[in-house]
Every structure is written in structure tokens, then in C-alpha cells.
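In what follows, a structure is listed as C-alpha cells, so that the remarks can point back to it.
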Amino acid sequence: MVSLSTSTSHAPPLPTNRRTAERTFTVRCISISPREPNYAITSDKSNNTSLSLRETRQSKWLINAEDVNERDSKEIKEDKNTKIASRKAISIILRREATKSIIEKKKGSKKLLPRTVLESLHERITALRWESAIQVFELLREQLWYKPNVGIYVKLIVMLGKCKQPEKAHELFQEMINEGCVVNHEVYTALVSAYSRSGRFDAAFTLLERMKSSHNCQPDVHTYSILIKSFLQVFAFDKVQDLLSDMRRQGIRPNTITYNTLIDAYGKAKMFVEMESTLIQMLGEDDCKPDSWTMNSTLRAFGGNGQIEMMENCYEKFQSSGIEPNIRTFNILLDSYGKSGNYKKMSAVMEYMQKYHYSWTIVTYNVVIDAFGRAGDLKQMEYLFRLMQSERIFPSCVTLCSLVRAYGRASKADKIGGVLRFIENSDIRLDLVFFNCLVDAYGRMEKFAEMKGVLELMEKKGFKPDKITYRTMVKAYRISGMTTHVKELHGVVESVGEAQVVVKKPDF
């Protein structure tokens, strides 16, 4: 790996140059591995929390009288905070509904307040509610005070690109021209993004050539970076090289974002030679230096591939060159150590985060909950699940999948029932991956009635089983020797279309 260091100092395994905060925040955690000792966080006399390693033959949850009092006090506080949060949430919802009601009632009115309409439009653009956003935009154009604004058009076109609506984006582009707006390179870049995000590369290239032939709308590094990212997402690496060559001919030099996009894509594709070559090119640029995104992409590439030693070496070199880690860095380290079964080092990262008061995100909780679930430490997993809720971090579908998988491995069908009851009392948006995890968990426990019941639950929630669903059921029946059921499902598997499931990766 190329050296990144700009100094002769040797970086420690975890950074030590961050100033300790005055306010303490205690997170109790125990790392347990079937082959590793039990690790617990304890507090010393100087109030600096640390992780002490305590070896035990069995996983034990240590609770004394002080812990009970502390827990009761915390539960009262959590209940109070929950009520306050609920009142605030209701207040926000009521304000939004009032705004929506005003917009709906005054359709056709030409005297709405600018702030009311613009805030409503901004809210819908941010939430990617493209149909509603277009409706509000049409209402905006009817107002007496309306004047065409290029910035609003650009935001709408970018939103439509993210929502895979290139035709609508093109319609807005034409309307913008009809209204007399001056089309600049930012508008063209937004439309290029809309085309490329939907895989309409021919249209994107046609627009790129039009930009190159114009005098005042020349493509810039941002335009090329968007195209490069779109091609990398479909693994069209040859097209990426063509774009890089075209950039050089145009006299456009890649920036840090361009290089980071390439490094991240090569890492995900496990093309480590190309990834390192790109990093070397980046280091050769005078005005293009690696940053935390560069470090995180590199660490994720090696850590995700199980190359823990290489990941640690890269971490040291990046840090010795002056690049500070952030919460995403630690999430990557936790995920890599957890999946490789190195709970000792995972605990060291948790200790460091606690010592220097890095606030945990939902990704952090999802990573450690999954790790403890894999290790079979259900008590610690459940403690973290409660803790994230007390910290007002609402569980996601990823969180629930980790819980269901862990309970399935431990044959805790009643616990899975608890997860389902939790879902019924929440507004978590489920996905097909969750239901497939549920099928797998019941299949492992030979709970075939409950496994079939998942299909009914899927239909109730508006989901259709895919090939993964049925293949998981076939596997469970085959292991139990239920050949009749296996034969019945084989025909169903072949008749079902290929799975269209997009697994959301952690936002490291």
C-alpha cells in the first residue's frame, strides 16, 4: 500500500489526538464471542470509562442493587423523554398538515404567501415526493408574485433524477426554456444527472456533446464526476476510462470527489490493484489531497473483504498523514471487526468512541447489535436495542433483521413474536429482506406453521414472495426431510420472477 504519511510519527491503532470532552456519556457493553472471553465496560475512580476484559466461561449479565436503582431511574427518565418527544412530533405533524390543508384548499388562488408555498415545495423536494412537488410547483407558477427562477428548476430536475423520472425532468427543462430562463452548465449537469441515474446513457452523452460544443455551458469536473459515478454503479469500468480520457482532452482535472468515487467503486468491486493505482494518482496531484472519504472507502474495501491487517495498516497511514477519523470511520471498524469475530478489537473501538464522546448513530447501533447477535449474546443485543430507543434513535428495518436472525439462531420463537408486536405498534417501513429473514428464522426452528404464516403477513403488508423466499422455505423443508413440500414448492420457485430486492448498505 502506498505511504500516505507526511510525518515520521507512527500512528497508534486508534487515534489519540482528540481532546477529551468534559461531559461524560456512559455506554455499558459486553463483547462476547463463543471462543473469546467476556468483555465489560467499567468505570474507574477518575470517572474515565474504560473497557475491562473479564474472562468467564459463560455469558453473564451482571446486575447489582446499584444497577437496579440506576435502571429504574433511567426508565422513568426515558418515559418522560418519550412523552416530550411525542408531543413535539404531534406538533410538527399538525403544522405540516395545516400547511398541506392551506395548499389544498387554495388551489387556483393567485395570492398565496411566498413563504407558505416555497416551504411546502422545499419539504417535498427534500423528501423526494416528486408528484406532490410538481403540484406545488404548478401552484407556485400561478402566483402573481412568481418570477422564473433557475435555482428552483435545477432542484426539481435533480429531484426527478433521483426519483428515476428523466422524462419529467426533460419536460421541466423545456418549460424552463419556454419561460425565458438562461440555461447554464448547472442546468445541463442536472439533466445529465437525471438521464444517467436512470441508465439513459445515450441521452446523457448526447447532452454532454451539446455542452462541449456550446460557448457558455462547458462541462466541468462536476458534470464528468456525475457520469463517472453512474457508470461505476453499473460496473461499466471501460466507459469510465473513456470519460477520464475525455476529461484530460478537455483540460479538466479530476478533483477529490472524482477520485473518491473511483476508489470507493473499485473497493466495492474488490479491484484492489485499480483502487491503489487511483490512490497513487490522487497523491500525485498538487491540489487534490485524500480526505476522510478517501480513508473510509479504503478501510471499507479491505475490512469488508476480511483483510483486517491491511485495513489497520491503512488506518495508521491515513491518520499519520493528518486525516481525522469520523463516526463513519468507526462504524466501518466496528463492522469489520464484528463480522470477522474480533470482538476484542471491536470493544477497543467502542471504548475509544465512548472516551472521546462520539455520538452513536443508527448505523453504529445496527452494526453492534448485529455483531452481538452473531456472537449469541442476546442480553447485550437487547440492552443496546433498548438503549438506542432511549437515545431517541428509532430502529430501522436493518435493526429488526439483526434481531430476527439472532433469535432464529437461538431458537427463541417467542422473542420473534415480540419483534412482530413491536412492529405493529410502530410505523417502521418493512421491506422484502425482513420477511425473508423471518422465513429463514422460523425455518431454522422448524416452526413451519409460523413460516407459512409469514406469507400471509407479506400479503397483508403488500409484499409478494420472491425466489429467495421460496428457496429459503425449500431449504427448511429439505433439512427436515419433508420431501412432499419440497416438490410442491419447486414449481412455484420456477414460476416466480427474479428477485428485485435492493439491499440497503450501511451509510458508512
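Glycine too: its Cβ is placed from the backbone N, Cα and C atoms.
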1-22, 45-66 - the range that Swiss-Prot marks as region 'Disordered': 1-22
Folded-back contacts onto the repeat 'PPR 4' (255-290), same chain, C-beta under 8 angstroms, at least six residues removed: 1-2, 4, 221-222, 224-225, 228-229, 232-233, 235, 237, 240, 297-298, 300-302, 304-305, 318, 321, 323
DSSP helix/strand/coil residue counts for the repeat 'PPR 1' (149-183): 26 helix, 0 strand, 9 coil
